[in-house]
Amino acid sequence: MSEKIRVSEIFGPTIQGEGAVIGVPTVFVRTGGCDFRCSWCDSLHAVDQEYRHTWAPMTSQSVLEAVADLSEGEPLMITLSGGNPAIQPLGELINLGQAQGYTFGMETQGSVVKDWFAKLDMLVLSPKPPSSGMETDWKMLARCVVQGAAQTVLKIVVFDDVDFSYAQEVAKRFPDLPIYLQPGNHTPPPPEDDDAEVDIEGIDDRMRWLVDRVVEKKWYSARVLPQLHVMLWGNKRGV
Ligand SMILES: C[S@@+](CC[C@H](N)C(=O)[O-])C[C@H]1O[C@@H](n2cnc3c(N)ncnc32)[C@H](O)[C@@H]1O
Ligand SMILES: Nc1nc2[nH]cc(C(=O)O)c2c(=O)[nH]1
Ligand code: SF4
Ligand SMILES: [Mg+2]
């Protein structure tokens, strides 16, 4: 019997709200458990051990059935997120899904590498800036890149100037990867809150500041994007 996947939630179809494939319809499979604990994590219900009892152990087949129920059998992009999906056994799910016409994107911080990264259609590496309180293992991040997903991109959350310098350092180390900058959202909801308010003005301010910084530095290969789902629905879960 293959190992079960710990699943916090499966939701959609919605649009991918962030980064390289922003706007693309997708179903999210959010796994439970993370080796990090970022100070500003917006998905603590999939990180904090306090919520472990809500993370259902599921087979790959049952995850795919749940996705197919939501998409009414139409194959689409499945986005694996978390928590850190890299700590879950996801190779079989990707094989099964791709055989049925699904494509797979994954969001991970680059702290753990698996051989099945090579099967992904889109790997989003989101190493964590200083404001998160986490450290970057540069060697591990580089191993995630060479694992060879069809497309690999970087996405860095930026709250302040120190984070901005960190993002520049990441870009310097990985000059061949497209890099997306995303303003941080300061108001993560309490995990049990299904419809939390969000500080849109603060996000707008940081977005404008981020554009100014990119232009000032003539960093013309950077791409600056807000979290579209947060602009539309705030910190609501399941969108
Ligand atoms: C919740 S994480 C889950 C996947 C993985 N653990 C990671 O961090 O990449 C998904 C994305 O949301 C971003 N994110 C988390 N909290 C955020 C916040 N408060 N503001 C902006 N982006 C945030 C992360 O940086 C990551 O790119
Ligand atoms: N619409 C939407 N787009 C997203 N992109 C990354 C998300 C995540 O939490 O991983 C996310 C999310 O939760 N919802
Ligand atoms: S790595 Fe991702 S899921 Fe884990 S705590 Fe940080 S933002 Fe949250
Ligand atoms: Mg999110």
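Even glycines carry a Cβ here, placed using N, Cα and C.
Curation does not apply to TrEMBL; its annotations are automatic.
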(message) Can you find which of Gly83, Gly91 TrEMBL lists as binding S-adenosyl-L-methionine at the same site as Trp40, Cys41, Asp42, Ser126, Pro127, Lys128?
(response) Gly83
(request) According to TrEMBL, Ile15, Gln16, Gly17, Arg30 bind substrate; so which of Ser71, Ser81, Ser111, Ser131 is the extra one listed there? (result) Ser81
(message) Going by Cα-Cα distance, which of the binding-site residues (Trp40, Cys41, Gly83, Ser126, Lys128) sits nearest to Arg30 (substrate binding site)?
(response) Gly83
(message) I want to check the contact list for Gln16 (substrate binding site): same chain, sequence separation of six or more, C-beta distance under 8 angstroms. What comes out?
(response) Ile22, Gly23, Val24, Pro25, Thr26, Met77, Thr79, Gly105
(request) List those of the binding-site residues Ile15, Gln16, Gly17, Asp42, Ser81, Pro127 whose Cβ lies under 6 Å from any atom of ligand 3, in sequence order, or write none if there are none. (result) none
(request) Find, for the listed binding-site residues Ile15, Cys34, Cys38, Cys41, the residue with the lowest Cβ contact count at a 10 Å cut-off, counting only other Cβ atoms. (result) Ile15
